[in-house]
């Protein structure tokens, strides 16, 4: 039953990076980490679940913000050490800064420029 | 001049993961690692340059395969620890297996299923 989990090449901390990509637009929304339990629960429930390295525990995306992720596809790369999720981002906000995507810093002429607006203030998201 | 490189949160090994995304289609082609030198050279030359952890040195993508990457955009995530490159993949093959994308393993009914064809045999790519 869990052979597919054994096929993943977990790092020394038992983690792999996971990319969340908007299933409809292809936009990359965020990258977080998964342990075995997080990936198993993601596959079983169809909801994005990660492992918070700072808090040292499972992080069910949306549990505080309400911004859940509905996962339609799970992929693994050729080295089996990076996971790719195709998702629908509930609420349209994946980033803890209140932006749609975490990748809002763009390099322009040797500077990181913020390219996306805050859609909702974090104080309004995390009450 | 290199303040933008200081803004990146390099890990304990001095690396960050970098995602290469097809600039035209949004398809995620590969994930590799970059050190400071790799990111600097990528920005300066407009060619995808990574750090090979297995070989312990810079890896100028395409130097052996001819499958260079023309980089049109460099982004950084909210935590400044993941890089996103928008690229044009010369030759249309990003994966060392000879496939277009590295993410060809798809989870279906508890199994990883290969979903993409080998476009060119690796023996033909790496002579």
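We number each residue from 1, going along the chain as drawn.
Every residue gets a Cβ built from N, Cα and C, even glycine.
As the structure is a computational prediction, the values presented were derived from the model and not from experiment.
Taken straight from TrEMBL:
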| type | residues | note |
| --- | --- | --- |
| BINDING | B:77, B:79, B:81 | Mg(2+) binding site |
| BINDING | B:78, B:95, B:102 | Zn(2+) binding site |
| DOMAIN | B:30-104 | domain 'Phosphoribosyl-AMP cyclohydrolase' |
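Mapped onto this structure are the features recorded in TrEMBL.
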residue : record              : Cβ contacts under 8 Å, 6 or more apart
B:77    : Mg(2+) binding site : B:83, B:84
B:78    : Zn(2+) binding site : none
B:79    : Mg(2+) binding site : B:9
B:81    : Mg(2+) binding site : B:8, B:9, B:10, B:11, B:16
B:95    : Zn(2+) binding site : B:29, B:30, B:101, B:102, B:104
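DSSP assigns residue B:95 (Zn(2+) binding site) to coil, not to a helix or a strand. Broken down by DSSP into helix, strand and coil, the domain 'Phosphoribosyl-AMP cyclohydrolase' (B:30-104) contains 13 helix, 29 strand, 33 coil. Neighbour density for residue B:102 (Zn(2+) binding site): within 10 A of its CB lie 24 other CB atoms from the protein chains shown. Model confidence over the domain 'Phosphoribosyl-AMP cyclohydrolase' (B:30-104) stands at 96, taken as the mean pLDDT rounded to a whole number.
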